[in-house]
Amino acid sequence: MSNAKEKVSMVSLGCPKNLVDAEVMLGRLAKDRYEITTDEREADIIIVNTCSFIKEAKQESIDTILDLADRKQDGRCRLLIVTGCLPQRYQEELARELPEVDIFVGTGDYPRIAEIIEEKSSRPEQLRYIGDPNFVFDESLTRLNSSPAYTAYLKIAEGCSNCCSYCVIPSLRGAFRSRPLESVLAEARSLVAGGAREINLIAQDITTYGRDLPGAPSLETLIRELAAIDGLAWIRLLYAYPDGITDGLIQTIKNEPKVCKYLDLPIQHISDPILKRMNRRSTEPQIRELVARLREEIPDIALRTSLIVGFPGETEEDFRTLLHFVEEAQFDRLGVFCYSREEGTPAAEMPDQVSERVKRERYKKLMKAQARVSFKRNRRLIDTEEQVIVEGYSEETELLLKGRSSRQAPDIDGQVYITAGNANVGDIVRLRITDSSDYDLIGEIIS
């Protein structure tokens, strides 16, 4: 009898929050009798961790599943497993349309992945495990960080209790629930012990952290406790809803040296009629005042936001207001999404749906405007000094190192190309910025 471990490969789609879920499953499997591989061709078991937030994400998930189903026919793979938001939302349809899939697992059953695979050995039929989405990771579970060792995402809460009219997340992930403070700190210490220099805090809305816990510890309290961990250099804040940003949080970002002077601030729109239809809690004056206050208190802060164009009822006037705001507010980074009409949401039933053609036109105009803004913002950094974490060699040439400044989040922002000086992967060095493009920087190591 062979004692060889079965090999498992994971494909994780969607946002960093999904990636952490995938890492939880990999950690559970690695702790059991499975070997993890990044090569699907040599895997006995392939898991696709899916996203279904918007139409494009759903299509990417389906395309990936079908592609891997073909590989299952041709290769050594014996089990194809689909996990995450897509089966949580569409279990009946998927089971009917994708007979190639052996197991579907929803967002509440990640820790049971090893037991689920074991159960399949005695049950030849297609299996579905779609329970209530109430899972919350804690430090007693093993998580296999798939990012480079020097950086990690740290999920501080699960779910969402906001009721944005376009969003399906609450139905897929459940109500907002914070992890206990000590649980978050214990995982952070473990990540740092494993080599992490940078920790990126994530949740559906990090500003809500702690309000549901005994004693209601604030996000500021969590940040200060994290900053006390020896060996941790950077703390980055992602997904901070504007209505939850307090003066205390602004002062913590300003005064705590380990906190990156960077804030991801998803505003979605600026026109009050659209914000109201979206069921967002912020208004145009409040958003404008917040951006001004952040820039006044922390002049060197890098601000990122995300916007939706083509929301039902968005008029030309609404869009012009948004376009002018993007030009005025001068966000350093900006992501734009065309509104996706998601069944089961209030927005899907609203009148005055905007055509796909108009959505694409508005998307292009907004991205063109932001390219000009980003170019201008980056030019201002020439001849300044930036801290940069070194990530390896450029894809174009091994003569050029690359990295990210504290103003650039992993995966979603630009890079810094290093033209002079030597450093190791994971080092944090000081660079003098010598040139820039729309989204990237170029510099030389000075220390």
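Backbone N, Cα and C define each Cβ position, glycine as well.
Here Swiss-Prot flags CYS15, CYS51, CYS85 as [4Fe-4S] cluster 1 binding site, drawing on sequence analysis. The feature [4Fe-4S] cluster 2 binding site is assigned by Swiss-Prot to CYS160, CYS164, CYS167, with sequence analysis given as support. Per Swiss-Prot, the feature domain 'MTTase N-terminal' maps to 6-122. According to Swiss-Prot, the domain 'Radical SAM core' annotation covers 146-376. Among the features that Swiss-Prot reports, domain 'TRAM' is placed at 379-447.
Where Swiss-Prot records a feature, it is marked here on the structure.
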residue	record	Cβ within 10 Å
CYS15	[4Fe-4S] cluster 1 binding site	20
CYS51	[4Fe-4S] cluster 1 binding site	20
CYS85	[4Fe-4S] cluster 1 binding site	29
CYS160	[4Fe-4S] cluster 2 binding site	22
CYS164	[4Fe-4S] cluster 2 binding site	19
CYS167	[4Fe-4S] cluster 2 binding site	22
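Note: the [4Fe-4S] cluster 2 site is recorded as CYS160, CYS164, CYS167; in the same chain, ASN162, CYS163, TYR166, VAL168, ILE169, PRO170, GLN204 also have Cβ atoms within 8 Å of that site's Cβ centroid. Here the Cα atom of CYS164 ([4Fe-4S] cluster 2 binding site) is found 18 Å from that of CYS85 ([4Fe-4S] cluster 1 binding site). Taking the centroid of the Cβ atoms of CYS15, CYS51, CYS85 as the [4Fe-4S] cluster 1 site, the other same-chain residues with Cβ within 8 Å of it are LEU13, GLY14, LYS17, ASN18, THR50, SER52, PHE53, ALA57, GLY84. The DSSP secondary structure for CYS164 ([4Fe-4S] cluster 2 binding site) is coil. Secondary structure by DSSP for the domain 'TRAM' (379-447): 1 helix, 33 strand, 35 coil. Look at CYS85 ([4Fe-4S] cluster 1 binding site): DSSP puts it in a helix. When the domain 'MTTase N-terminal' (6-122) is classified with DSSP, helix, strand and coil residues number 63 helix, 25 strand, 29 coil.
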